[in-house]
């Protein structure tokens, strides 16, 4: 699990992210597609052009789930059933998405991002969401 200082680092940055979850979620998906074009095939029904409503909506859903997880940093296991079936994410793809998310956070918030804490948090959320 995350240490108290890691939880604090994640929660404090989230306060700045929360008002712009759709925008930052969409940017994270755009970054994922740019870094790993092969992932576009999972979104064949989406308009994946930058800033599209599909990306804003889906990015917002992903970040909404992260926000819910952050509210329960002490009990992340309760998210196990939430997205696994709906997202059908492999752990490899979750790692790629997590890296894209951290890149976007760093681009927006620079030194305020505790990358180690966010890597650990996204890794734990990813492990929960991709376990069967």
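The backbone N, Cα and C atoms fix where each Cβ goes, and this holds for glycine too.
The shown structure was predicted, so the numbers you read here are calculated from the model rather than taken from an experiment.
Now, the feature entries from Swiss-Prot:
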DOMAIN    1-132  domain 'Globin'
BINDING   58, 83  heme b binding site
**OP:** Determine the mean pLDDT over the domain 'Globin' (1-132), rounding to the nearest whole number.
**Re:** 89
Original post:
Where does residue 58 (heme b binding site) sit in the DSSP three-state scheme?
Top reply: helix
Subject >> In the chain carrying residue 58 (heme b binding site), residues 6 or more apart in sequence that have Cβ under 8 angstroms from it >> reply: 25, 26, 29, 43, 46
